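Everything below concerns the one structure shown next.
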Amino acid sequence: MALISFLAFTILVALISWWSVRKSDESTSDGYFLGGRSLTFGVIAGSMLLTNLSTEQIVGLNGSAYKDGLSVMAWETLAALSIVVTAVFLLPRYLKGGLTTVPQFLSKRFDKATKTITSGLFLTGYVVVLLPVILYSGSVAISGMFDVPELLGVSDTTALVICIWGIGIIGSIYAVFGGLKAVAVSDSINAIGLIIGGVLIPVFGLMAIGDGGVLDGLKVLVDANPERFDSTGEPGQEVPFSTIFTGMMLVQLFYWGTNQQIIQRGLGAKSLAEGQKGLLLAAFLKILGPVILVLPGMIAFYYFEGGLASSDLAYPELVRAVLPKPLMGFFAAVLFGAILSSFNSVLNSSVTLFGIDIYKEHINKDASERTVVKYGKIFGVCLALAAMFIAPLIANAGSLFSYLQEINGIYSIPIFTIIVVGYLTKRVPAIAAKIGIILGSLMYIVSQFLLKPKFINDALDTAKASGITDVEALRMVEAEAYPHYLHIMAILFVLNIAIMLIIGKFYPRKEPFVLEYTKQVSIEPFKYVKQVGAVICLIVIGIYVYFAR
């Protein structure tokens with residue numbers, strides 16, 4: 001029954017996606033990479049949200065909530081603020097310049113070498129970190145929900161490889177051969193399913209602990225552990241409260257405002273007003289994210305009495321325990337959609353970056369649009385194959401959630417720094433951007449992968465020599481031994497900006513930068529963009545104040 005409902009929902013999504021794109025012109029770069037600049041606000045919002053959701057986030061963030069409680073909601077609720085900033089300030093700039101990729105803005109503002117370095121960093125991050133992890137964690141979830149080893153009579157490892165290649169091939173077909181519109185349409189359908197399925201888990205979970213009543217279950221949950229409903233994280237937890245004023249907002253602004261796989265949906269808008277409405281709708285829905293990504297982990301802590309072997313088992317174990325069997329296939333299909341969405345969205349963005357910023361720029365400058373799309377697709381197939389080979393080598397994917405955020409800092413903050421300086425200044429030269437991006441990456445690597453391990457190991461050795469053996473006490477020693485990686489990001493962000501501004505002071509551009517209006521889409525803004533944005537910001541602040549303990 002579960003397998004039939006899974007296959008039925010998955011095939012339905014594929015058929016609707018094919019029907020939607022069958023008359024689209026995918027042979028031009030705008031048609032293939034930006035859905036012909038025809039995306040409407042509902043499609044933009046749905047596609048952005050589902051691209052953001054992936055198995056390592058659904059499983060990982062609920063695992064963090066199982067461990068730390070409500071404070072990890074910062075990853076969700078603060079995203080709403082950064083999406084508002086993107087809608088009001090960044091998107092008008094991007095659409096005015098008729099951009100296909102974020103590095104194109106850097107090319108216009110600085111030079112082509114800056115664009116190439118940025119595209120290379122994006123691609124490296126996508127290929128080495130994101131694609132294999134999405135495939136691996138997604139395959140673990142699907143294999144576990146359907147008990148694939150038992151179903152096919154194979155070992156766990158073989159089942160994992162089969163799932164990885166299955167997801168990889170289907171995701172590649174969507175992204176490489178369908179272009180952005182196929183990705184965006186399938187995302188929008190799956191987004192509806194994910195919201196329904198995602199809400200069902202906490203509903204059934206609360207009913208399970210509240211003897212059939214959702215509100216009764218919520219009261220039981222709050223009364224049992226009121227301290228876990230605190231929006232302000234403590235030192236030693238994944239998101240200490242102080243970090244939301246430093247690196248957390250920088251990570252969010254980079255992700256929602258400059259990350260190619262996310263902002264590409266906004267760049268494909270049919271007008272600025274439509275793009276802004278899409279982003280604002282996404283921001284509002286993001287506020288509701290903790291219901292799907294945090295609450296189930298907190299329910300699991302109560303339901304299993306904190307006794308699970310690993311916090312990353314919280315979500316799959318809760319699903320298995322509380323979801324009625326007939327709904328299992330539907331939810332697995334929705335989760336499968338989320339896995340596919342993340343995989344094919346990253347792949348589509350990688351193909352776009354390669355085709356527009358590398359192939360057309362450096363390999364074949366005279367290439368026709370059809371040729372650029374053709375070689376972009378070939379590159380996409382190669383990337384997908386590489387990810388499918390690398391993915392089985394990844395172990396312990398569940399614990400990668402926070403670690404992934406830390407690794408991404410190698411390229412996220414340096415890129416965000418030069419975009420901010422490029423946006424706010426007119427005379428900082430290209431050499432400052434190149435120094436900023438290279439120096440920013442190197443300083444972060446030295447800090448997190450050389451200095452941090454040394455400081456932590458020294459502190460732990462000293463603590464153990466002093467007779468401290470309690471696990472919680474040692475966790476605090478580790479937390480206090482070196483600044484949180486989000487604080488490090490903020491420090492390096494400020495330092496990088498200062499270096500770039502100093503270079504701009506002594507070696508300014510000869511002519512101030514002016515972004516030309518390409519008139520590819522209307523840049524008339526949504527009339528109420530600032531008012532709606534302000535309401536969303538007030539709601540987020542209100543949530544934090546209400547849950548502060």
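All residue numbers here begin at 1 and follow the chain in the order shown.
Glycine too: its Cβ is placed from the backbone N, Cα and C atoms.
The transmembrane segment feature in TrEMBL is assigned to 72-95 (among others).
What TrEMBL lists as transmembrane segment is 116-137 (among others). Outside the transmembrane segment (116-137), and at least 6 residues removed from its termini, the chain residues within Cβ reach (under 8 Å) are 54-56, 59-60, 101-103, 106, 160, 164, 167-168, 260-261, 339, 342-343, 346-347, 349-350, 353-354, 357-358, 361-362, 383-384, 386-388, 390-394, 397-398, 400, 404, 407-408, 410-412, 414-415, 418, 434, 437-438, 441.
The transmembrane segment annotation in TrEMBL covers 157-177 (among others).
Residues annotated as transmembrane segment in TrEMBL: 189-209 (among others).
The transmembrane segment annotation in TrEMBL covers 239-258 (among others).
Annotation comment: TrEMBL describes 279-304 (among others) as transmembrane segment. Residues 41-42, 44-45, 48-49, 53, 57-58, 61-67, 69-70, 72-73, 75-77, 79-81, 83-84, 86-87, 91, 194-195, 198-199, 201-202, 205-206, 208-209, 217, 220-221, 224-225, 228-229, 266, 311, 314-315, 317-318, 321-322, 526, 529, 532-533, 536, 539-540, 543 of the same chain lie 6+ residues outside the transmembrane segment (279-304) yet bring a C-beta within less than 8 angstroms of a C-beta in it.
If you look up TrEMBL, you'll see 327-354 (among others) marked as transmembrane segment.
Outside the transmembrane segment (375-395), and at least 6 residues removed from its termini, the chain residues within Cβ reach (under 8 Å) are 32-33, 126-127, 131-133, 135-136, 139, 157, 160-161, 164-165, 168-169, 171-172, 175-177, 343, 347-348, 350-352, 354-355, 359, 363-364, 367. Residues or ranges marked as transmembrane segment by TrEMBL: 375-395 (among others).
If you look up TrEMBL, you'll see 407-424 (among others) marked as transmembrane segment. For the transmembrane segment (407-424), the residues of the chain that approach it from at least six positions outside its boundaries are 89-90, 93, 102, 105-106, 109-110, 114, 118, 121-122, 124-125, 129, 247, 250-251, 253-255, 257-259, 432-433, 436-441, 444-445, 448, 485, 488-489, 492-493, 496-497, 500-501, 504, 513, judged by C-beta separation under 8 angstroms.
According to TrEMBL, the feature transmembrane segment maps to 431-451 (among others).
Per TrEMBL, transmembrane segment is recorded for 485-507 (among others).
Within its own chain, the transmembrane segment (528-547) is flanked in space by residues 70, 77-78, 80-81, 84, 87-88, 229-232, 276, 280, 283-284, 287, which lie at least six positions past its ends and keep a Cβ under 8 Å from the stretch. Marked as transmembrane segment by TrEMBL: 528-547 (among others).
With a cut-off of 8 Å between Cβ atoms, the residues of this chain six or more beyond the transmembrane segment (239-258) that come close are 52, 68, 71-72, 74-75, 78-79, 81-83, 85-86, 90, 102, 232-233, 405, 408-409, 412-413, 415-416, 419, 479, 484-490, 493. Counting C-beta pairs under 8 angstroms (sequence separation of 6 or more), the transmembrane segment (157-177) reaches the transmembrane segment (327-354) with 3 or more such pairs.
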